[in-house]
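The structure under discussion appears below in the form of structure tokens.
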Amino acid sequence: MGDVVQMHFSTPDYVIFALLLVASTCIGLFYALSGGRQRTTQEFLLADRSMSCLPVSLSLLATFQSAVAILGVPSEIYTYGTQFWFMGVSYFLGLLVPAHVFIPVFYRLRLTSAYEYLELRFNKTVRIMGTVTFIFQMVIYMGVVLYAPALALNAVTGFDLWGAVLAMGLVCTLYTTLGGLKAVIWTDVFQTIVMFAGQLAVIIVGAHQAGGMGEVWRKAINGSRIASLDLNPDPTERHTFWTLGVGGVFIKLAVYGVNQAQVQRYLSSRTEREAVMSCYVVFPCQQVLTRLGCLMGLVMFARYGEDSPLDKGYVKTNDQMVLYFVMDVFRDLPGLPGLFVACLFSGALSTISSAFNSLATVTMEDLIKPYCPDMTEAKATLLSKGLAFAYGLVCLAMAYTASHMGSVLQAALSIFGMVGGPLLGVFCLGMFFPCANSTGAIVGLVAGLVMSFWIGIGHLVSRMALPTTLPPIINGTAMPLPGNMTTAVMTTLITSITAKPKPTGVQALYNLSYLWYSAHNSTTVVIVGLIVSLLTGPMKEKDLLPGTVYPVLGNLLFFLPERYREILCCVTPLPQKPKAIDTHPYQMARKESNGVSHPKEKEKTEETEREKDEDEETATPQPSCRLAHTLQETAL
């Protein structure tokens, strides 16, 4: 093995990288000084609920398209072939379900934090547990996702490590604190364009140098890198059609359905229709972005074949190999390496800025406002900005911590994936099962987290117990490096052997494909939650808050006559869509049965109007077996 080969940036590369930082900062300053100047929490945290479909969809796309994923997917394809392409199948249900199930529920309840839903459906304890779990997940994740690509960049190009980390962290903190969610969304749009441009440039130039896309494809076929459809149902197989196309659905639901960073973007939309359409727009964009990563991997293979820079000792890890390839391809093209690095750090910026803003939102809405009901709007806005700034500093501290974590770095990145499944499970428990109670939700969430960490840590421990000289293989199960939950594949963790006995018992659980983790853990939450709820007394119909249960049976059995659906207790509608977001917001109903009181701030005239609407609703005949009720629409 030789020493790691370093290539260096030219002046145009540094200029392009600097332009990315300057442009992102200018967007933040623009929204800090224009419009309402971020004077209210509605504007700072939810962009005044005024965003249109296109920027929201591109922001949804960019939020978890992190730098680790931009480096990870090409190296996955280069090493193991195109089986990962079938991940695109999972986006169909992974975006369709949030569009027609989660968005209508969250949007019509007029939430700010996704975890408000848990209090409205269960109680304050469940809400705080969900919030604390999310904060733990994102705090560990955001520092590592900033540090990991900077480390790879430093190793390959000699680019100053802490200069890159500090520049990105401080710029991101600045525009997030000054410009609020509007700045975050519009910088995401700009950074998404840069990501597309950077990857396209690498593919076009690399394919041209390899002799064209036809030659790239021919070499990929000859090198057995074009994978066929693998229908093996074994859940311990790392990548098959079922793990990618079915197990991947649950990963997408955890990200696009209930993650606060994404929910916040839905809630910032002008109308529910715009929020739903943003999910539809993400689908083709995500397919294109995934294919670009796959094509880059094939172009890498066409250039190096089986004789990879990793085998030659030019780089030490697979993620460094992608950067080495980029610097090699652009060796005589000044400025283009800078474009790809701008692409790489656009992924990091979009991810950590979303983390700052979503963390500030849940901290403010779930942990501070409920205990400070008399806080003025000006003070709440100032505190929200302070929280965003504070989380920016925490991100830099976590990046510094990551630099001293060594092998624990891999486990820290994996925590993001471990936590997503249980959080998805507790939302599904509340939304689809009216009988679930707060005790079931608490026990189910704890059981899901315990199961998740047991399997995840058990896998890491069993993997570390293997001899270090074993060669990597294609079909070994690996704990992912989820810098991006949608494309969590980093092959540096795959160390298994070509022929091994099929694991049994607990060992089989440890060898479960990482793509089934979210499905397994969310199902654990639902099953345990239902059992405990039935044992401790299921939720009564009269105790359910209006609009918190999705009428899944009513929609699935739409072909039955209404009287039969009434008998099956499945005709409950969701609240009707608001006619005008800014002038007719829904008021949060009170939930007296479990002691939760969650009204929005309102004038006495609003309260009087709400009571009138309730009297009118009471006078209207209702189906006898409703599981939830319609929220009342009131005017300001």
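Cβ atoms are placed via backbone N, Cα and C, with glycine included.
As recorded in TrEMBL:
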- 589-611: compositional bias 'Basic and acidic residues' (COMPBIAS)
- 589-636: region 'Disordered' (REGION)
- 14-33: transmembrane segment (TRANSMEM)
- 53-72: transmembrane segment (TRANSMEM)
- 84-107: transmembrane segment (TRANSMEM)
- 128-149: transmembrane segment (TRANSMEM)
- 161-181: transmembrane segment (TRANSMEM)
- 193-211: transmembrane segment (TRANSMEM)
- 239-258: transmembrane segment (TRANSMEM)
- 279-302: transmembrane segment (TRANSMEM)
- 339-362: transmembrane segment (TRANSMEM)
- 382-402: transmembrane segment (TRANSMEM)
- 440-461: transmembrane segment (TRANSMEM)
- 514-535: transmembrane segment (TRANSMEM)
Per Cβ pairs under 8 Å, the stretch of 84-107, 279-302, 339-362, 440-461 packing most closely against the transmembrane segment (161-181): 339-362
Criterion met for the transmembrane segment (339-362) and the transmembrane segment (84-107) (at least three Cβ pairs under 8 Å): no
Segment proximity, the transmembrane segment (440-461) to the transmembrane segment (53-72), 3 or more C-beta pairs under 8 Å: no
Contact set, same chain, for the transmembrane segment (514-535): CB under 8 Å, 6 or more residues outside the stretch: 235, 238-239, 243-244, 246-251, 253-254, 417-418, 420-422, 424-426, 428-429, 433, 435-437, 439-441, 443-445, 447-449, 451-452, 455-456, 477-480, 488
Other parts of the chain folded back onto the transmembrane segment (440-461), taken as Cβ under 8 Å at six or more residues beyond its ends: 118, 122, 125-126, 129-130, 133, 410-411, 414-415, 417-419, 421-423, 425-426, 429-430, 477, 479, 506, 509-512, 517, 520-522, 524-534, 536
Best-contacting stretch, by C-beta pairs under 8 Å, relative to the transmembrane segment (239-258) and drawn from 84-107, 193-211, 279-302: 84-107
Distal contacts, the transmembrane segment (84-107) - CB-CB under 8 A, six or more residues away: 73, 76-77, 114, 117, 227, 229, 239, 241, 244-249, 251-253, 255-258, 262-263, 266-267, 269, 272, 275-276, 279-280, 282-283, 286-287, 290-291, 294, 427, 431, 486-487, 489, 547-548, 550, 552, 574
